[in-house]
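Swiss-Prot has this to say about the protein:
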- Glu351: active site, proton donor (ACT_SITE)
- His382: active site (ACT_SITE)
- Lys510: active site (ACT_SITE)
Amino acid sequence: MTLLTQSSTWQALSAHTQNLPHMRELFATDAARFKNMSLSACGLFLDYSKNRATAETLELLFSLAKDSQLEAKIKAMFAGEIINTTEKRAVLHTALRSKASQSIIAEGQDIVPEVQQTLSKMQEFVETVTSGQWKGYTGKAITDIVSIGIGGSFLGPKVVSQALRPYWNQGLNCHFVANVDGTSISEKLKLLDSETTLFIMSSKSFGTQETLTNTLTAKAWFLAKGGLQSDVAKHFVAVTSNVTKATEFGIDADNIFPMWDWVGGRYSLWSAIGLPIALLVGMDNFRALLNGAHQMDEHFASAPLAENMPVIMGLLSLWYGNFFNAQSHVVLTYDHYLRGLPAYFQQLDMESNGKSVTLDGTDVDYSTGPVIWGGEGTNGQHAYHQLIHQGTALIPADFIMPLQSHNPIGVHHDQLASNCFGQTQALMQGRTFEEALAELANSSLTDEEKQLIAKHKVMPGNKPSNTLLMNKLTPETLGALIALYEHRTFVQGAIWDINSFDQWGVELGKNLGNDVLARISAEQDSSALDASSNGLINLYRQGAI
């Protein structure tokens, strides 16, 4: 057993699972439960009263956090200590949204001035493009941005841009390309005019396979449409650490934006990786996004554990994963603009906490990162909500909704809100056999049929959920929401004693993919591989089954 599972608090939590009443009873016996199990921070409101938790549960979870030195680990991250131990790096995405007056040291150097310089450079670039001063090779202004990246350099900008659609500058559109499947970029290029398109290539090394391949394809398309090599600088910019490769490609050194080792890809939208966001919504709104995240940073760093929103959410998710064998967690967004968030949180959480050894290399003997999935309300209610209500697996849920809509048409938002709140009530309350039978009392069914149908209509309830509300979806509330989930992820990794900031599984996949590519290209013999891989490669070479 690991030190974590040997601890008295862990053992107490395990025993405590046997003594919890149904949530129906918890609400029936405590009129103040909603008031006592909800809090506001940074423009967000969290109702966590519909959880399998009592005051004793929470005290035990806070004790577990203290046993795991969570508060010290939070301070270590904000102080720029080397908490990504396998790569010997600080973890300072929080510095990207810090105030100019702050001083944050990484590798013996204050990094805030460089962050502020980059923001100023972004502002100048954004104003040049959005004002129409930036001209393409035929003298026309830019109308379309194509953001080329992969992983964090793709998903973050795409999801945030999608979420902030009401704030977009008129006359500018953005397209996101990540997948190396040629169909993805081909379909995008069909929509574009080479004279008015600007490509943003985001890759720390300027060599990420998918990103480089897509960028080379974009360049070939641009040249085929009439552009010259000397025109590339008017239509391509880069976010990269490899200035040499970018300039060799044809990008002007003045149009290369930096990336830093102390920012992981899945935490990078706050940096120049967010350039597509800034172009679409303007720098004032981009800074508001940063400010919302900064407010959540301040809350996370200073609020007591019992009043700390990321801590509470992280602990409750851990509670279900480690003590109720919950293998997944669903994120349900009741706002069309937020429909991309489940995929973003999926990458954030699963890439961070999909680990199986502790910091000192010991195999864990407890579950770590759950499968994060979800979708858009109310669509999911007519699909996978059925599994959450009546399936055998326990699936904790987060419901996210703004109180005010950007598009208040008729009764739409009232119906959306009623569905959101109704789902959380149904998950908590369920339906007993007696209630189901009573509903069938006036039907024409026989007594025997009523008994049978009632059994099928029973729902156990006691299904946990959090509800997150905001007044309205704005750049600031969105920034706070994303930072909330970043810190929630950190909380769990800190307690599990794993490194939430490396991704060796991703790296292995890259390496093996390159190896297979060489074999597909017949540069290497594939016969030494396992029979399955060799057989698949040979079928691909043949081009037919």
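Just so you know, glycine gets a Cβ as well, placed from its N, Cα and C.
For the active-site residues His382, Lys510, the largest tally of other C-beta atoms within 10 A is found at Lys510. A C-beta separation below 8 Å, combined with a sequence spacing of at least six in one chain, links Glu351 (active site, proton donor) to Gly151, Arg266, Gln503, Val506. Distance between Cα atoms for His382 (active site) and Lys510 (active site): 37 Å, as a whole number.
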